[in-house]
């Protein structure tokens, strides 16, 4: 039976991109009753086996094992996430970026940081601050790009990342995710709204999750991570989602060190020595407190 990937889910129909070589055929499929019975919901991003009824319609027969699964947005088998943050309007926030990075890392998704609206910076201090932060994150090992959707050349280095990958765009509302995607692939024609001056953040303009062909891969312009809570991350797992902390933690005296009040902690020493940025450690402590204070689930 043929195989494919769900690229859109709408009103009980699943649109499957046929995975045959050089095929761009999309089949409209319904799920089998067995999925409902077993409480399995097909998701955008699922690799599936389907049975074709004709050239345009069919039935989902099997859902392959997922490498990861996001709840909000409901999508799975994501290879990478482009985290879009604006330099200004709204202001750049390392705390919010680190929160997104933790959630992405926890799902084994490769993050790419994109700071947009560089053309809207009006003073040198802000420019210098953004450049310094970009260098900090590059030193951790992240790909960081400074862009403007009006400057096509600033986007050129991002485009090769999309080849043969399933990519999610995420980030603060109002930072220009749709504008950025439209600049990369003008044929998408995604809706963009002006930023809401009153709220200081943009209105969500994306209605549903859909994987769209662009630059040799599949890209989802999602409503973003509408939930930024650490509901599935445990205390001992948090450090692994900070690559810079993870690297230093191997030198801690005690196994299971949470880098809070433990003696001979290599992470705290690295902060003191300037090898680990204070703001990164502060965010780690803030997130750890949040996880510790989380109400138990039964």
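From the backbone N, Cα and C atoms, a Cβ is placed for every residue, glycine too.
Of the residues 67, 94, 166, Swiss-Prot records the annotation phosphothreonine for 166. Annotated pair residue 259 (Zn(2+) binding site) and residue 173 (GTP binding site), C-alpha to C-alpha distance, rounded: 32 Å.
Distances between the Cα of residue 265 (Zn(2+) binding site) and those of the binding-site residues 171, 173, 177, 179 are shortest for 171. The Cβ of 259 has fewer other Cβ atoms within 10 Å than any other of the binding-site residues 177, 259.
Of all the recorded positions in the record (166, 252, 257), the one with the smallest CA separation from residue 179 (GTP binding site) is 166.
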